[in-house]
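Asker: Provided herewith is a single structure, encoded as structure tokens, for subsequent inquiry.
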């Protein structure tokens with residue numbers, strides 16, 4: 001009996017091509033940036049890729065491992081075709097209609113502006129090749145997003161089409177590329193999908209309008225009150241203060257109001273739920289839109305607060321401040337007098353600055369936790385605690401910082417120039433109201449009722465009890 005001889009090494013080479021599963025072949029029409037990047041991603045995922053080009057021998061560099069053929073030959077070799085070309089080049093596809101019958105065509109095109117054509121590009125493609133199954137997908141992703149993968153904000157692939165099997169095939173490809181798929185229904189939704197990339201910061205429109213409106217209002221309000229009034233009444237030209245002093249008053253005012261607007265809708269929603277006695281009724285549409293843009297409101301508030309900090313840091317190096325300090329020092333020397341140290345003023349200024357630094361630190365914490373990379377690492381309870389509990393604490397500290405800035409100025413008649421209140425007094429109204437309303441919600445009896453409602457309890461309508469008694 002002969003002993004079995006064991007090999008000294010193990011071969012890591014594949015046993016044979018016949019044993020390996022055959023990879024699916026996909027076709028791409030178009031060798032532009034998006035077509036090349038999409039092909040590279042498909043090859044890395046394990047697909048075979050063939051390109052259809054009108055110039056197969058001079059179409060530029062393509063991903064290694066891909067084939068390139070004429071449009072007709074490439075379409076015949078694959079059952080799924082990505083159409084990565086512009087709509088005005090669709091004309092040649094009509095001649096390929098017999099060879100594309102029964103195949104899945106993925107339209108990834110977009111337009112330069114809305115309502116450029118009477119129908120969506122995908123619907124137009126379907127009319128050119130009625131025998132094919134057109135699916136609108138991947139048009140909301142750029143070549144850059146495909147190249148960098150779904151690690152950034154572009155994680156979703158929207159698709160629509162009239163054939164369920166065709167949409168399933170495209171959905172499987174998107175899932176293998178690590179994108180999440182959202183089915184928007186039939187091909188009639190293609191125009192909506194084609195309008196998505198044309199939208200410029202849709203979630204930021206309302207917050208930006210509020211920020212611009214508040215900035216413009218307080219800028220002109222303080223300009224008239226501080227600069228123009230001084231020129232009219234005293235003949236002083238202090239217009240140079242517009243660049244730093246006036247701006248450093250506007251930025252914190254807008255920041256505090258924007259931060260307040262982040263938490264005001266939550267307080268309003270709580271009182272609406274208490275009034276209705278249920279959480280199962282929809283909020284008004286305007287309140288829904290307001291609550292959906294709270295993150296953007298908070299980030300803009302953080303931006304204005306950062307500008308306030310930077311402008312405050314440059315105050316000691318301003319020419320106006322250095323001139324005033326040197327003039328005051330020379331005046332004291334000439335008059336042979338010294339200023340007495342004011343302990344109250346020292347407490348006020350140190351408290352004002354320390355509370356401001358603490359508030360800005362909490363501001364930064366809220367901004368950091370709103371980043372997707374950070375919020376994804378937090379549990380819902382942790383995220384809710386930071387954005388809610390610490391958020392209201394930030395609002396309280398920033399409001400207190402503004403109160404310390406005002407101190408007893410509101411008692412001085414000189415503060416009301418042209419019978420108008422200072423800007424910081426106006427910006428204190430809204431956050432003070434929100435903090436008072438939040439304190440009411442924290443009362444044990446109110447908090448207990450609100451917690452029960454949010455856990456599913458509903459207030460019984462007296463009319464329902466009468467109807468039940470009549471029925472029984």
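Backbone N, Cα and C define each Cβ position, glycine as well.
TrEMBL labels come from automatic prediction, so no person has curated them.
Fair warning: this is a prediction, and the values are worked out from it, not measured in the lab.
The domain 'Pyrroline-5-carboxylate reductase catalytic N-terminal' annotation in TrEMBL covers 27-111. Residues or ranges marked as transmembrane segment in TrEMBL: 206-224, 250-276, 297-321, 352-378, 390-407, 423-446. Sequence annotations record features per position, and here TrEMBL assigns domain 'Ferric oxidoreductase' to 253-397.
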Asker: Quick test of the contact rule: Cβ under 8 Å, at least six residues beyond the ends. What residues does that give for the transmembrane segment (297-321)?
Answerer: 207-208, 210-211, 240-241, 244, 247-248, 251-252, 254-256, 258-259, 261-262, 359-360, 363-364, 366-367, 370, 391, 398
Asker: Are there 3 or more C-beta pairs under 8 Å linking the transmembrane segment (423-446) with the transmembrane segment (206-224), counting only pairs at least 6 apart in sequence?
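Answerer: The answer is yes, given that the two segments have at least 3 Cβ pairs within the 8 Å cut-off.
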Asker: Give the nonlocal contacts of the transmembrane segment (250-276) in its own chain as ranges (CB under 8 Å, at least six residues past its ends).
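Answerer: That would be 207, 210-211, 214-215, 218-219, 222, 283, 287, 290-291, 294, 297-298, 300-305, 307-308, 311, 363, 388, 391-392, 394-395, 398-399, 402, 423-424, 426-428, 430-431, 434, 437-438, 441, 446, 449-450, 453-454, 459.
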Asker: Could you break down the residues of the domain 'Pyrroline-5-carboxylate reductase catalytic N-terminal' (27-111) into DSSP helix, strand and coil, giving a count for each?
Answerer: 30 helix, 19 strand, 36 coil
Asker: Mind checking which residues reach the transmembrane segment (423-446)? Cβ under 8 Å, same chain, six or more beyond either end.
Answerer: 218, 221-222, 225, 249-250, 252-253, 256-257, 259-261, 263-264, 267, 270-271, 274, 392, 395-396, 398-399, 402-403, 405-406, 410
